[in-house]
Amino acid sequence: MILEVQNLHLSFKGVKALAGVGFSVAEGEFFAVIGPNGAGKTTLLNVLSGVYEPEKGEVVFLGESLRGKSPQARARMGLGRTFQGLEIFRGMSVLENVKLGAELALPGYPMALPRAEREWRLRAWAEEVLDYLHLSPFRHAPAGMLPYGLQKRVEVARALAGRPKLLLLDEPMAGLALEEKQDLARFLLDAREEWGVTLLWVEHDLRAVLELSDRVLVLSYGEVLYYGPPEGVKKDPKVVEAYLGQG
Amino acid sequence: MADLLPYLIGGLANGALYGLLALGFVLVFRATSVVNFAIGEFLLVGAYLTYTFALLLPLPLAILAALPLAFLFGVLVERGFVRPLLGRNVVAVIMATVGLAAALDGGVQLLWGPDLKYLPGSLPDLGFEAGGVYVSSRAVWNLLLALPLGLGLLWLLRKSRYGILVRAISEREVAALALGIPTARILAGVWGLSALLATLAGALLAVASGVGYNLVFFGLKVFPVAILGGLDAVGGALVAGFLLGVLEALSQRYLEAYLPGFTEALPFVVVLLVLLVRPYGLFGERQIERV
(Lines of atoms letter the chains of each structure in order from A and count residues from 1; the text may use other names and numbers.)
(Lines give C-alpha, C1' and ligand atoms only; values in the text may rest on other atoms or scores of the structure.)
Protein backbone atom coordinates (compact mmCIF):
# COMPACT_ATOMS: atom_id res chain seq x y z
CA MET A 1 0.00 0.00 0.00
CA ILE A 2 1.40 3.35 -1.02
CA LEU A 3 -1.05 5.32 1.13
CA GLU A 4 -2.83 4.29 4.28
CA VAL A 5 -5.34 6.58 5.91
CA GLN A 6 -6.68 5.69 9.34
CA ASN A 7 -9.59 7.19 11.20
CA LEU A 8 -9.16 10.86 10.19
CA HIS A 9 -11.04 13.46 12.20
CA LEU A 10 -11.13 17.16 11.52
CA SER A 11 -13.71 19.82 12.30
CA PHE A 12 -14.00 23.52 11.61
CA LYS A 13 -15.76 25.58 14.27
CA GLY A 14 -17.67 22.56 15.46
CA VAL A 15 -18.69 21.35 12.00
CA LYS A 16 -17.31 17.90 11.28
CA ALA A 17 -15.48 17.98 7.97
CA LEU A 18 -13.96 14.53 8.39
CA ALA A 19 -15.38 12.00 10.84
CA GLY A 20 -13.37 8.84 10.96
CA VAL A 21 -12.30 8.51 7.34
CA GLY A 22 -10.09 5.53 6.58
CA PHE A 23 -8.98 3.83 3.39
CA SER A 24 -5.87 2.71 1.59
CA VAL A 25 -4.50 3.10 -1.92
CA ALA A 26 -2.41 0.43 -3.64
CA GLU A 27 0.60 1.25 -5.75
CA GLY A 28 -0.33 1.95 -9.36
CA GLU A 29 -3.99 2.30 -8.54
CA PHE A 30 -6.41 4.85 -10.02
CA PHE A 31 -8.36 5.71 -6.90
CA ALA A 32 -11.38 8.01 -6.87
CA VAL A 33 -13.00 10.01 -4.09
CA ILE A 34 -16.51 11.23 -4.80
CA GLY A 35 -19.37 12.70 -2.82
CA PRO A 36 -21.85 15.55 -2.79
CA ASN A 37 -20.72 19.14 -2.20
CA GLY A 38 -19.42 19.66 1.32
CA ALA A 39 -18.70 15.96 1.76
CA GLY A 40 -15.13 16.71 2.81
CA LYS A 41 -13.32 15.74 -0.38
CA THR A 42 -11.11 18.80 -0.70
CA THR A 43 -10.55 18.82 3.05
CA LEU A 44 -9.31 15.25 2.74
CA LEU A 45 -6.84 16.30 0.03
CA ASN A 46 -5.70 19.19 2.19
CA VAL A 47 -5.04 16.83 5.07
CA LEU A 48 -3.12 14.46 2.81
CA SER A 49 -0.99 17.22 1.31
CA GLY A 50 -0.32 18.85 4.68
CA VAL A 51 -2.32 22.06 4.45
CA TYR A 52 -4.34 20.93 7.48
CA GLU A 53 -3.23 18.78 10.37
CA PRO A 54 -5.96 16.31 11.39
CA GLU A 55 -7.23 16.33 14.96
CA LYS A 56 -7.15 12.57 15.11
CA GLY A 57 -6.00 9.78 12.86
CA GLU A 58 -2.98 8.92 10.83
CA VAL A 59 -1.76 9.23 7.26
CA VAL A 60 0.97 6.79 6.26
CA PHE A 61 2.68 7.40 2.92
CA LEU A 62 5.29 4.92 1.65
CA GLY A 63 5.34 3.33 5.06
CA GLU A 64 6.12 6.60 6.85
CA SER A 65 3.78 8.62 9.03
CA LEU A 66 3.15 12.12 7.68
CA ARG A 67 2.26 13.61 11.04
CA GLY A 68 3.92 16.99 11.51
CA LYS A 69 5.46 16.99 8.05
CA SER A 70 5.20 20.26 6.10
CA PRO A 71 3.55 20.38 2.67
CA GLN A 72 7.00 20.90 1.15
CA ALA A 73 8.44 17.85 2.88
CA ARG A 74 5.53 15.76 1.62
CA ALA A 75 6.05 17.09 -1.90
CA ARG A 76 9.69 16.04 -1.73
CA MET A 77 8.65 12.57 -0.59
CA GLY A 78 6.74 12.20 -3.83
CA LEU A 79 3.28 13.49 -3.03
CA GLY A 80 2.09 15.68 -5.91
CA ARG A 81 -1.04 17.75 -6.10
CA THR A 82 -3.26 19.77 -8.40
CA PHE A 83 -5.96 22.11 -7.23
CA GLN A 84 -9.63 22.76 -7.62
CA GLY A 85 -9.89 25.82 -9.80
CA LEU A 86 -6.56 26.87 -11.14
CA GLU A 87 -3.34 27.36 -9.28
CA ILE A 88 -0.89 27.78 -12.14
CA PHE A 89 1.58 30.66 -12.22
CA ARG A 90 -0.29 32.80 -14.71
CA GLY A 91 2.45 35.37 -15.18
CA MET A 92 5.03 32.77 -16.16
CA SER A 93 5.41 30.85 -19.37
CA VAL A 94 4.17 27.28 -19.67
CA LEU A 95 7.79 26.11 -19.69
CA GLU A 96 8.65 28.05 -16.52
CA ASN A 97 5.64 26.50 -14.80
CA VAL A 98 6.68 22.99 -15.72
CA LYS A 99 10.35 23.61 -14.90
CA LEU A 100 9.38 24.70 -11.40
CA GLY A 101 7.51 21.44 -11.05
CA ALA A 102 10.45 19.53 -12.49
CA GLU A 103 12.79 20.70 -9.71
CA LEU A 104 11.24 18.05 -7.49
CA ALA A 105 12.32 15.37 -9.93
CA LEU A 106 16.01 16.23 -9.60
CA PRO A 107 18.01 14.18 -7.15
CA GLY A 108 18.95 16.12 -4.04
CA TYR A 109 16.51 18.94 -4.62
CA PRO A 110 17.12 21.83 -4.72
CA MET A 111 20.75 22.74 -5.16
CA ALA A 112 22.84 19.60 -5.26
CA LEU A 113 23.79 19.90 -8.94
CA PRO A 114 26.03 22.43 -10.66
CA ARG A 115 24.01 25.25 -12.15
CA ALA A 116 24.50 24.46 -15.82
CA GLU A 117 23.73 20.81 -15.42
CA ARG A 118 20.68 21.56 -13.32
CA GLU A 119 19.37 23.94 -15.99
CA TRP A 120 20.02 21.40 -18.73
CA ARG A 121 18.35 18.53 -16.95
CA LEU A 122 15.37 20.62 -15.87
CA ARG A 123 14.87 21.84 -19.41
CA ALA A 124 15.25 18.41 -20.97
CA TRP A 125 12.83 16.78 -18.58
CA ALA A 126 10.34 19.65 -18.76
CA GLU A 127 10.36 19.41 -22.55
CA GLU A 128 9.69 15.70 -22.33
CA VAL A 129 6.67 16.30 -20.11
CA LEU A 130 5.41 19.10 -22.36
CA ASP A 131 5.73 16.84 -25.35
CA TYR A 132 3.94 14.06 -23.55
CA LEU A 133 0.97 16.28 -22.72
CA HIS A 134 0.96 17.90 -26.17
CA LEU A 135 1.87 21.28 -24.73
CA SER A 136 5.12 21.87 -26.62
CA PRO A 137 3.68 24.40 -29.09
CA PHE A 138 2.68 26.63 -26.16
CA ARG A 139 5.92 26.40 -24.19
CA HIS A 140 6.71 30.13 -24.34
CA ALA A 141 3.14 31.38 -24.02
CA PRO A 142 2.23 33.09 -20.73
CA ALA A 143 0.26 30.38 -18.95
CA GLY A 144 -2.51 32.78 -17.96
CA MET A 145 -3.26 33.59 -21.60
CA LEU A 146 -4.12 30.03 -22.61
CA PRO A 147 -7.69 28.74 -22.87
CA TYR A 148 -9.05 27.18 -19.70
CA GLY A 149 -8.67 23.57 -20.82
CA LEU A 150 -4.99 24.06 -21.63
CA GLN A 151 -4.38 25.85 -18.33
CA LYS A 152 -5.77 22.81 -16.56
CA ARG A 153 -3.41 20.65 -18.55
CA VAL A 154 -0.47 22.90 -17.64
CA GLU A 155 -1.30 22.32 -13.99
CA VAL A 156 -1.31 18.57 -14.48
CA ALA A 157 1.95 18.82 -16.44
CA ARG A 158 3.57 20.84 -13.65
CA ALA A 159 2.55 18.25 -11.08
CA LEU A 160 3.64 15.29 -13.22
CA ALA A 161 6.99 16.98 -13.91
CA GLY A 162 7.83 16.50 -10.23
CA ARG A 163 7.67 12.71 -10.78
CA PRO A 164 5.29 12.20 -7.89
CA LYS A 165 4.75 8.67 -6.68
CA LEU A 166 1.22 9.61 -5.72
CA LEU A 167 -0.62 12.43 -7.47
CA LEU A 168 -3.65 14.02 -5.82
CA LEU A 169 -5.99 15.61 -8.34
CA ASP A 170 -8.78 17.91 -7.20
CA GLU A 171 -11.55 17.89 -9.82
CA PRO A 172 -9.23 17.84 -12.83
CA MET A 173 -12.12 17.52 -15.25
CA ALA A 174 -14.33 20.31 -13.94
CA GLY A 175 -15.13 22.79 -16.67
CA LEU A 176 -13.63 20.73 -19.46
CA ALA A 177 -15.37 19.84 -22.70
CA LEU A 178 -15.97 16.15 -23.41
CA GLU A 179 -13.04 15.88 -25.79
CA GLU A 180 -10.71 17.57 -23.31
CA LYS A 181 -11.87 15.16 -20.64
CA GLN A 182 -11.03 12.23 -22.87
CA ASP A 183 -7.59 13.68 -23.60
CA LEU A 184 -6.91 14.25 -19.92
CA ALA A 185 -8.04 10.73 -19.03
CA ARG A 186 -5.67 9.32 -21.60
CA PHE A 187 -2.77 11.44 -20.35
CA LEU A 188 -3.38 10.28 -16.80
CA LEU A 189 -3.62 6.62 -17.75
CA ASP A 190 -0.47 6.93 -19.84
CA ALA A 191 1.40 8.66 -17.03
CA ARG A 192 0.48 5.81 -14.74
CA GLU A 193 1.69 3.31 -17.28
CA GLU A 194 4.85 5.16 -18.27
CA TRP A 195 6.01 6.76 -15.02
CA GLY A 196 4.33 4.54 -12.47
CA VAL A 197 2.29 7.32 -10.90
CA THR A 198 -0.44 6.29 -8.51
CA LEU A 199 -3.49 8.51 -8.92
CA LEU A 200 -5.97 9.69 -6.32
CA TRP A 201 -8.59 11.95 -7.79
CA VAL A 202 -11.55 13.83 -6.49
CA GLU A 203 -14.08 14.20 -9.25
CA HIS A 204 -17.68 15.17 -9.87
CA ASP A 205 -18.02 13.54 -13.26
CA LEU A 206 -19.49 10.25 -12.14
CA ARG A 207 -19.35 8.62 -15.55
CA ALA A 208 -15.64 9.31 -15.88
CA VAL A 209 -15.03 8.08 -12.34
CA LEU A 210 -16.85 4.80 -12.82
CA GLU A 211 -15.21 4.21 -16.15
CA LEU A 212 -11.60 4.97 -15.19
CA SER A 213 -11.13 4.21 -11.52
CA ASP A 214 -10.03 0.93 -9.98
CA ARG A 215 -11.68 1.67 -6.67
CA VAL A 216 -13.97 4.37 -5.33
CA LEU A 217 -14.44 6.01 -1.95
CA VAL A 218 -17.76 7.80 -1.43
CA LEU A 219 -17.86 10.48 1.26
CA SER A 220 -20.86 12.25 2.72
CA TYR A 221 -20.70 14.73 5.58
CA GLY A 222 -17.18 13.60 6.33
CA GLU A 223 -18.07 9.93 6.62
CA VAL A 224 -17.34 6.98 4.38
CA LEU A 225 -20.52 5.78 2.66
CA TYR A 226 -18.92 3.33 0.31
CA TYR A 227 -15.45 1.97 -0.31
CA GLY A 228 -14.85 -0.56 -3.05
CA PRO A 229 -14.93 -1.29 -6.77
CA PRO A 230 -16.77 1.12 -9.09
CA GLU A 231 -19.38 -1.47 -10.06
CA GLY A 232 -20.79 -1.43 -6.55
CA VAL A 233 -21.24 2.34 -6.25
CA LYS A 234 -24.60 2.58 -7.98
CA LYS A 235 -25.93 -0.49 -6.23
CA ASP A 236 -25.22 0.72 -2.72
CA PRO A 237 -28.48 1.97 -1.18
CA LYS A 238 -26.75 4.49 1.09
CA VAL A 239 -24.93 6.06 -1.87
CA VAL A 240 -28.07 6.15 -3.94
CA GLU A 241 -29.90 7.94 -1.18
CA ALA A 242 -27.21 10.48 -0.24
CA TYR A 243 -25.69 11.22 -3.56
CA LEU A 244 -27.24 9.84 -6.69
CA GLY A 245 -30.73 10.47 -5.48
CA GLN A 246 -30.07 14.20 -5.47
CA GLY A 247 -28.88 14.54 -9.01
CA MET B 1 18.40 76.82 -17.47
CA ALA B 2 21.94 76.51 -16.16
CA ASP B 3 20.77 77.32 -12.66
CA LEU B 4 18.22 74.54 -12.90
CA LEU B 5 20.75 71.77 -13.44
CA PRO B 6 22.11 71.68 -9.89
CA TYR B 7 18.53 71.28 -8.67
CA LEU B 8 17.95 68.43 -11.08
CA ILE B 9 21.14 66.71 -10.01
CA GLY B 10 20.12 67.07 -6.39
CA GLY B 11 16.70 65.69 -7.32
CA LEU B 12 18.20 62.63 -8.97
CA ALA B 13 20.42 62.08 -5.94
CA ASN B 14 17.40 62.06 -3.64
CA GLY B 15 15.38 60.09 -6.15
CA ALA B 16 17.95 57.31 -6.18
CA LEU B 17 17.41 56.84 -2.45
CA TYR B 18 13.62 57.01 -2.76
CA GLY B 19 13.92 54.38 -5.45
CA LEU B 20 16.04 52.04 -3.32
CA LEU B 21 13.74 52.32 -0.36
CA ALA B 22 10.59 51.87 -2.44
CA LEU B 23 12.09 48.90 -4.25
CA GLY B 24 12.47 47.00 -0.99
CA PHE B 25 9.04 48.09 0.17
CA VAL B 26 7.32 46.95 -3.03
CA LEU B 27 9.28 43.71 -3.07
CA VAL B 28 7.86 42.80 0.33
CA PHE B 29 4.38 43.86 -0.68
CA ARG B 30 4.46 41.81 -3.86
CA ALA B 31 5.83 38.71 -2.24
CA THR B 32 3.78 38.76 0.95
CA SER B 33 0.95 41.33 0.50
CA VAL B 34 2.20 43.02 3.67
CA VAL B 35 2.37 46.82 3.75
CA ASN B 36 5.42 47.39 5.91
CA PHE B 37 4.72 50.50 7.94
CA ALA B 38 8.10 50.07 9.63
CA ILE B 39 10.01 50.76 6.39
CA GLY B 40 11.05 54.21 7.64
CA GLU B 41 12.39 52.54 10.78
CA PHE B 42 14.31 50.03 8.66
CA LEU B 43 16.06 53.03 7.18
CA LEU B 44 16.57 54.54 10.62
CA VAL B 45 18.03 51.36 12.07
CA GLY B 46 20.26 51.01 9.02
CA ALA B 47 21.57 54.53 9.43
CA TYR B 48 22.36 53.97 13.11
CA LEU B 49 24.04 50.66 12.34
CA THR B 50 26.22 52.44 9.81
CA TYR B 51 26.97 55.17 12.34
CA THR B 52 28.00 52.62 14.96
CA PHE B 53 30.30 50.79 12.58
CA ALA B 54 31.70 54.12 11.38
CA LEU B 55 32.96 54.75 14.93
CA LEU B 56 35.19 51.70 14.55
CA LEU B 57 35.90 51.42 10.82
CA PRO B 58 36.60 53.64 7.83
CA LEU B 59 33.26 54.77 6.40
CA PRO B 60 33.14 52.63 3.22
CA LEU B 61 33.87 49.54 5.30
CA ALA B 62 31.31 50.62 7.88
CA ILE B 63 28.63 50.70 5.20
CA LEU B 64 29.70 47.31 3.90
CA ALA B 65 29.59 45.90 7.42
CA ALA B 66 26.13 47.31 8.08
CA LEU B 67 24.54 45.67 5.05
CA PRO B 68 24.73 41.99 6.08
CA LEU B 69 23.61 42.92 9.57
CA ALA B 70 20.67 44.77 8.06
CA PHE B 71 19.79 41.68 6.04
CA LEU B 72 19.82 39.66 9.25
CA PHE B 73 17.64 42.28 10.91
CA GLY B 74 15.08 41.94 8.10
CA VAL B 75 15.12 38.16 8.44
CA LEU B 76 14.57 38.45 12.19
CA VAL B 77 11.64 40.80 11.70
CA GLU B 78 10.07 38.25 9.37
CA ARG B 79 10.66 35.41 11.83
CA GLY B 80 9.52 37.36 14.85
CA PHE B 81 6.65 39.51 13.65
CA VAL B 82 5.43 38.30 10.29
CA ARG B 83 5.64 34.52 10.30
CA PRO B 84 3.80 34.00 13.60
CA LEU B 85 0.86 35.84 12.04
CA LEU B 86 0.93 33.82 8.86
CA GLY B 87 -2.48 32.67 7.77
CA ARG B 88 -4.21 35.42 9.74
CA ASN B 89 -5.86 38.36 8.10
CA VAL B 90 -3.20 40.41 6.35
CA VAL B 91 -4.39 43.46 8.30
CA ALA B 92 -3.11 41.77 11.45
CA VAL B 93 0.37 41.61 9.95
CA ILE B 94 0.17 45.22 8.82
CA MET B 95 -0.82 46.31 12.33
CA ALA B 96 2.11 44.33 13.67
CA THR B 97 4.42 46.40 11.47
CA VAL B 98 2.83 49.57 12.88
CA GLY B 99 3.61 48.32 16.37
CA LEU B 100 7.09 47.34 15.32
CA ALA B 101 7.64 50.84 13.94
CA ALA B 102 6.71 52.39 17.28
CA ALA B 103 8.94 49.97 19.17
CA LEU B 104 11.88 50.64 16.87
CA ASP B 105 11.40 54.42 17.12
CA GLY B 106 11.63 54.17 20.88
CA GLY B 107 14.37 51.56 20.87
CA VAL B 108 16.62 53.55 18.57
CA GLN B 109 16.35 56.68 20.72
CA LEU B 110 16.91 54.65 23.85
CA LEU B 111 20.06 53.07 22.45
CA TRP B 112 21.64 55.94 20.60
CA GLY B 113 20.09 59.02 22.26
CA PRO B 114 17.84 61.67 20.77
CA ASP B 115 20.44 64.10 19.41
CA LEU B 116 21.62 64.39 15.83
CA LYS B 117 24.91 62.58 15.19
CA TYR B 118 27.42 63.09 12.44
CA LEU B 119 29.43 60.28 10.95
CA PRO B 120 33.16 60.47 11.55
CA GLY B 121 34.96 60.40 8.24
CA SER B 122 33.43 60.64 4.79
CA LEU B 123 33.33 58.84 1.47
CA PRO B 124 36.04 59.77 -1.07
CA ASP B 125 35.10 62.97 -2.88
CA LEU B 126 33.79 62.07 -6.33
CA GLY B 127 32.34 65.49 -7.09
CA PHE B 128 33.30 67.02 -10.41
CA GLU B 129 32.55 69.92 -12.66
CA ALA B 130 31.33 69.50 -16.21
CA GLY B 131 30.42 72.37 -18.51
CA GLY B 132 30.22 74.82 -15.65
CA VAL B 133 27.88 72.62 -13.61
CA TYR B 134 29.07 71.14 -10.37
CA VAL B 135 27.97 67.53 -9.71
CA SER B 136 28.20 66.89 -6.00
CA SER B 137 29.98 63.91 -4.55
CA ARG B 138 26.72 62.97 -2.83
CA ALA B 139 24.91 62.75 -6.15
CA VAL B 140 27.65 60.64 -7.70
CA TRP B 141 27.73 58.22 -4.79
CA ASN B 142 23.97 57.89 -4.60
CA LEU B 143 23.63 57.16 -8.29
CA LEU B 144 26.69 54.97 -8.40
CA LEU B 145 25.40 52.71 -5.65
CA ALA B 146 21.66 52.86 -6.15
CA LEU B 147 21.44 52.34 -9.88
CA PRO B 148 23.49 49.15 -10.26
CA LEU B 149 21.98 47.69 -7.10
CA GLY B 150 18.43 48.53 -8.14
CA LEU B 151 18.83 47.35 -11.71
CA GLY B 152 20.74 44.27 -10.61
CA LEU B 153 17.94 43.33 -8.27
CA LEU B 154 15.36 43.80 -10.98
CA TRP B 155 17.37 41.52 -13.23
CA LEU B 156 17.68 38.98 -10.44
CA LEU B 157 13.93 38.95 -9.88
CA ARG B 158 13.20 38.56 -13.55
CA LYS B 159 15.79 36.01 -14.57
CA SER B 160 17.30 34.12 -11.68
CA ARG B 161 15.97 30.99 -10.05
CA TYR B 162 15.51 32.92 -6.81
CA GLY B 163 13.44 35.53 -8.64
CA ILE B 164 11.24 32.90 -10.22
CA LEU B 165 10.66 31.29 -6.83
CA VAL B 166 9.71 34.67 -5.34
CA ARG B 167 7.27 35.25 -8.18
CA ALA B 168 5.85 31.76 -7.77
CA ILE B 169 5.22 32.32 -4.08
CA SER B 170 3.77 35.78 -4.56
CA GLU B 171 1.39 34.53 -7.20
CA ARG B 172 0.22 31.18 -5.77
CA GLU B 173 1.51 30.32 -2.36
CA VAL B 174 -0.42 27.05 -2.01
CA ALA B 175 0.88 25.83 -5.35
CA ALA B 176 4.42 26.78 -4.35
CA LEU B 177 4.02 24.72 -1.17
CA ALA B 178 2.82 21.74 -3.17
CA LEU B 179 5.90 22.00 -5.37
CA GLY B 180 8.19 21.74 -2.35
CA ILE B 181 9.44 25.33 -2.65
CA PRO B 182 10.93 26.42 0.70
CA THR B 183 8.58 29.39 0.99
CA ALA B 184 9.52 30.43 4.52
CA ARG B 185 13.21 30.74 3.74
CA ILE B 186 12.59 32.66 0.53
CA LEU B 187 10.17 35.10 2.12
CA ALA B 188 12.60 35.73 4.97
CA GLY B 189 15.17 36.55 2.30
CA VAL B 190 12.80 39.07 0.76
CA TRP B 191 12.47 40.87 4.10
CA GLY B 192 16.23 40.74 4.46
CA LEU B 193 16.72 42.30 1.04
CA SER B 194 14.21 44.99 1.84
CA ALA B 195 16.06 45.89 5.05
CA LEU B 196 19.37 45.85 3.19
CA LEU B 197 18.11 48.32 0.58
CA ALA B 198 16.66 50.57 3.27
CA THR B 199 19.96 50.47 5.12
CA LEU B 200 21.94 51.50 2.08
CA ALA B 201 19.55 54.43 1.60
CA GLY B 202 19.86 55.27 5.29
CA ALA B 203 23.65 55.07 5.19
CA LEU B 204 23.86 57.42 2.21
CA LEU B 205 21.49 59.87 3.89
CA ALA B 206 23.54 59.66 7.06
CA VAL B 207 26.73 60.40 5.15
CA ALA B 208 25.14 63.51 3.67
CA SER B 209 23.30 64.95 6.63
CA GLY B 210 23.92 62.98 9.80
CA VAL B 211 21.85 60.49 11.76
CA GLY B 212 18.82 61.51 13.74
CA TYR B 213 15.24 60.55 14.31
CA ASN B 214 14.10 62.86 11.51
CA LEU B 215 15.33 60.28 8.96
CA VAL B 216 12.01 58.56 9.54
CA PHE B 217 10.33 61.39 7.66
CA PHE B 218 12.43 60.61 4.65
CA GLY B 219 11.18 57.05 5.01
CA LEU B 220 7.58 58.25 4.90
CA LYS B 221 8.13 59.31 1.30
CA VAL B 222 8.25 55.64 0.37
CA PHE B 223 4.46 55.52 0.42
CA PRO B 224 3.84 58.10 -2.32
CA VAL B 225 6.74 56.69 -4.33
CA ALA B 226 5.52 53.11 -4.14
CA ILE B 227 1.91 54.03 -4.84
CA LEU B 228 2.96 56.21 -7.76
CA GLY B 229 5.01 53.40 -9.29
CA GLY B 230 2.34 50.81 -8.60
CA LEU B 231 2.40 48.81 -5.38
CA ASP B 232 3.09 45.58 -7.21
CA ALA B 233 5.56 46.98 -9.75
CA VAL B 234 9.10 46.45 -8.55
CA GLY B 235 10.63 48.29 -11.49
CA GLY B 236 8.05 51.03 -11.18
CA ALA B 237 9.32 51.82 -7.69
CA LEU B 238 12.75 52.70 -9.02
CA VAL B 239 11.36 54.90 -11.80
CA ALA B 240 8.87 56.61 -9.49
CA GLY B 241 11.69 57.32 -7.03
CA PHE B 242 13.63 59.28 -9.59
CA LEU B 243 10.48 60.95 -10.86
CA LEU B 244 9.49 62.24 -7.44
CA GLY B 245 13.05 63.29 -6.67
CA VAL B 246 13.15 65.41 -9.80
CA LEU B 247 9.64 66.81 -9.26
CA GLU B 248 10.61 67.86 -5.76
CA ALA B 249 13.67 69.59 -7.17
CA LEU B 250 11.57 71.45 -9.73
CA SER B 251 9.12 72.50 -7.06
CA GLN B 252 12.02 73.64 -4.88
CA ARG B 253 13.28 75.77 -7.73
CA TYR B 254 10.06 77.27 -9.09
CA LEU B 255 7.26 76.94 -6.54
CA GLU B 256 8.89 77.31 -3.17
CA ALA B 257 9.09 81.15 -3.50
CA TYR B 258 5.31 81.40 -3.95
CA LEU B 259 4.14 78.46 -1.90
CA PRO B 260 6.57 78.02 0.97
CA GLY B 261 6.58 74.45 2.24
CA PHE B 262 4.72 73.10 -0.77
CA THR B 263 7.59 70.81 -1.73
CA GLU B 264 6.95 68.73 1.38
CA ALA B 265 3.40 68.07 0.25
CA LEU B 266 4.22 67.68 -3.42
CA PRO B 267 4.71 63.87 -3.50
CA PHE B 268 1.29 63.33 -2.01
CA VAL B 269 -0.36 65.80 -4.38
CA VAL B 270 1.27 64.07 -7.34
CA VAL B 271 0.07 60.69 -6.11
CA LEU B 272 -3.49 61.92 -5.74
CA LEU B 273 -3.47 63.33 -9.26
CA VAL B 274 -1.97 60.21 -10.81
CA LEU B 275 -4.33 57.88 -8.98
CA LEU B 276 -7.28 59.75 -10.47
CA VAL B 277 -6.17 58.65 -13.92
CA ARG B 278 -4.34 55.42 -13.13
CA PRO B 279 -5.76 53.79 -10.00
CA TYR B 280 -3.07 51.11 -9.97
CA GLY B 281 -0.16 53.53 -10.26
CA LEU B 282 1.99 54.23 -13.27
CA PHE B 283 3.27 50.68 -13.70
CA GLY B 284 0.91 48.65 -11.55
CA GLU B 285 -0.96 45.69 -12.89
CA ARG B 286 -4.68 46.04 -13.21
CA GLN B 287 -6.21 43.57 -10.80
CA ILE B 288 -9.40 41.90 -11.76
CA GLU B 289 -11.08 40.87 -8.56
CA ARG B 290 -13.69 38.20 -8.73
CA VAL B 291 -16.36 38.54 -6.14
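The backbone N, Cα and C atoms fix where each Cβ goes, and this holds for glycine too.
Bear in mind that TrEMBL entries carry predicted annotations, made automatically and left uncurated.
Per TrEMBL, transmembrane segment is recorded for B:6-27, B:34-51, B:57-77, B:89-112, B:139-157, B:190-216, B:222-245, B:257-277.
If you look at the transmembrane segment (B:222-245) against the transmembrane segment (B:89-112), you find fewer than three C-beta pairs under 8 angstroms, all six or more positions apart, and that falls short of contact. Just going by CB pairs under 8 A, the stretch in B:6-27, B:57-77, B:139-157 that sits most against the transmembrane segment (B:190-216) is B:57-77.
With a cut-off of 8 Å between Cβ atoms, the residues of this chain six or more beyond the transmembrane segment (B:34-51) that come close are 21, 24-25, 28, 62-63, 66, 69-70, 73-74, 77, 82, 90, 93-94, 97-98, 100-101, 104-105, 108, 111-112, 117, 119, 194-195, 198-203, 205-206, 211, 213, 215-220, 222. When Cβ-Cβ distances below 8 Å are used as the criterion, the transmembrane segment (B:139-157) is approached by residues 9-10, 12-14, 16-17, 19-20, 23, 27, 123, 126-128, 163, 166-167, 193, 197, 200-201, 204, 207, 234-235, 238 of the same chain, each at least six residues removed from its ends.
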